[in-house]
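Annotated features, as they stand in Swiss-Prot:
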BINDING   Asp551, Asp562, Glu674  Mn(2+) 2 binding site
BINDING   Asp562, Glu660, Glu674  Mn(2+) 1 binding site
MOD_RES   Ser69  phosphoserine
MOD_RES   Ser92  phosphoserine
MOD_RES   Ser95  phosphoserine
REGION    1-33  region 'Disordered'
Amino acid sequence: MTSKPSTSDGRAHSISHVPGTHMRGTSASHSPRPFRPCADCTCSPGLLSRQGRRASLFLRQLENSRRSSSMLLNELKGAGGGSSAGNGSVYSCDSLCAVNREVNTTDRLLKLRQEMKKHDLCCYIVPSCDEHQSEYVSLRDQRRAFISGFSGSAGVACITRDLLNFNDDHPDGKSILSTDGRYFNQARQELDYNWTLLRQNEDPITWQEWCVREALEMAKGLGNKEGMVLKIGIDPKLITFNDYVSFRKMIDTKYDAKGKVELVPVEENLVDSIWPDFETLPERPCNDLLLLKYEFHGEEFKDKKEKLLKKLNDKASSATTGRNTFIVVALDEICWLLNLRGSDIDYNPVFFSYVAINEDETILFTNNPFNDDISEYFKINGIEVRPYEQIWEHLTKITSQASSAEHEFLIPDSASWQMVRCLNTSTNANGAIAKKMTAQNFAIIHSPIDVLKSIKNDIEIKNAHKAQVKDAVCLVQYFAWLEQQLVGREALIDEYRAAEKLTEIRKTQRNFMGNSFETISSTGSNAAIIHYSPPVENSSMIDPTKIYLCDSGSQFLEGTTDITRTIHLTKPTKEEMDNYTLVLKGGLALERLIFPENTPGFNIDAIARQFLWSRGLDYKHGTGHGIGSFLNVHEGPMGVGFRPHLMNFPLRAGNIISNEPGYYKDGEYGIRIESDMLIKKATEKGNFLKFENMTVVPYCRKLINTKLLNEEEKTQINEYHARVWRTIVHFLQPQSISYKWLKRETSPL
């Protein structure tokens, strides 16, 4: 739906729409719709009237709570108490839908463009990642969120400075936010009027192409003066060298703009420069290190190092003698290699560090404190510790070693442009020089640790099963509690409070280290926002007459979990049941699949989508991602999805991946069913692999339309629910609400 621009609507534009129009985001608030009987089902009038009374009661109770909150707010104001939301009680019932979390970015963009002028930039790029190319970043590295207001985990912001505007105090320009299908709805809600949303894989151009086109348009407006070079700037630590080379190639070949447009490094991060003008710049976290015991990791550092060096020697050129230095950049790879964990990034047990490793030495660059036991561990294993910042000096120093005919220097394809620049300090390290270095004793490779880490050993697999059982017990207790509160007691509970309750339950489990990501607790239309997270204040009330989607996970010392269940607490519509069942059928089909070794997840993605496709439906995210072992909840390199890079990484025995098809109806509801699966040898079929569902949480019986299931699927569900019951019942008090809930949900179809 499109509408004319309005000064009262501060939402982002969509790049795919006609100039002069823009798409409005999902409404931030609306009045509850009156109950209407479903139009396409066989419900009896009695059932419908009970559902109607429950909906009406819910709305009356909500209205009473709002009225009480309003009276309390007036009392506070009258007493000079202001409008503090410290307790959240005044605001917790404010809306049935997601609140408008839009940030006004006008002043921030103005300041940024002033900084761009100092560096003679026509365009500036702000990626999501940190210098380790992390998907999830610390507050210190959330530059893209700061400048754009968009809080999703993936996306790139591009800001231009209009060179035809000569008002230095108020420079003008454009700004876009590019993100993928998981975040389209969220971006429309969070971006203000300064921003245009560029939808990856749907809009006709990429963000890189947009930057070059804008630069060329400005050059044209300035008369394409001889010798004029328009500069696109980026922090060289925040873009990989490979991406830099691809960007340069696109400028030079696709647009024939060599000498007209240039991608330049800006070592002073411009967002960091303006951040303190608006709020305190967060400090980089530097928390204590944790040394994992063998009972949790199952493989000593020396054994991992031996495997790594063998892989590196296989990748090195035949001219070297085996003394190949490799720089480990990814934080989870460092944690896995050293059997250490940290807490520098929320939900991810990692710490800021680099590692330089070869046959003779292992150097860990970190500022994180550690105890005497870890100090002794470093000494025993020959691990030298240096300050985090010294990695750049070290890279410059060992360039001379890399020039030796007997030594090859290797960096991962996740290495930053700045890393390559440090390896070649005599020049500016453009693409041509990189090729020359590569032809000598310098190479960019895919990190062998990425694959080694993804193949879990026997101890990690055993522990992963334990983690799944622990989390399943928590989720059973949580869903039983939620139903008792919302249906049994007709209480008002908002999405955020519910998520906090789930965390409280998880904290009762031994070795619980925290959540593996921010809990997605979403009711009704909020569930259609794929990566929704409830706000602390003004969170939506969970409506028991609508779908509720809960996507959550835990970090235990034993392992990492990622589980989604979609439930309905009263009477779902036939459409909701049908679409839930189509999603469920896709997940079941993928789980049953037996496939040849060396099959990439790209090749089997359609298995999970086939039943949705048959109805003209689909979902805009991958079907499965790797899961770490008390590490990142998103782990590569393999996965099941439609992204072309997944064709390069086959699924292997020992991988743990998610299985999470879904369906999302904008403005109404969302469905996702996610379980974690272990890939195993299918010995009865020769060189074939199969999946084992490790998650033991029941599906929602109310949402299953058995008429859409065949006998094989019914048997599969019944056998799964029988296993869930056998596994979990021993952890529950007999005849408790959790016990009764589990018994009902796992009863045969």
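Backbone N, Cα and C atoms are what each Cβ position is placed from, and that goes for glycine too.
Around Glu674 (Mn(2+) 2 binding site), taking its Cβ as the centre, 22 other Cβ atoms fall within 10 Å, counting all chains. Taking all protein chains in view, 25 other C-beta atoms sit within 10 angstroms of the C-beta of Asp551 (Mn(2+) 2 binding site). Counting every protein chain shown, 26 other Cβ atoms lie within 10 Å of the Cβ of Glu660 (Mn(2+) 1 binding site). Packing around Asp562 (Mn(2+) 2 binding site) is summarised by its Cβ count: 24 other Cβ atoms lie within 10 angstroms of its Cβ, all protein chains included. Annotated Mn(2+) 1 site Asp562, Glu660, Glu674; additional same-chain residues within 8 Å of its Cβ mean position, judged by their own Cβ, are Asp551, Ile563, Thr564, Gly624, Ser658, Asn659, Arg672, Ser675, Asp676.
Taking the mean position of the Cβ atoms of Asp551, Asp562, Glu674 as the Mn(2+) 2 site, the remaining same-chain residues with a Cβ inside 8 Å of that point are Ile520, Ser552, Gly553, Ile563, Thr564, Ser658, Glu660, Arg672.
Each residue contributes its Cα atom, and for Asp551 (Mn(2+) 2 binding site) and Glu660 (Mn(2+) 1 binding site) those atoms are 10 Å apart. The two recorded residues, Glu660 (Mn(2+) 1 binding site) and Glu674 (Mn(2+) 2 binding site), have Cα atoms 4 Å apart.
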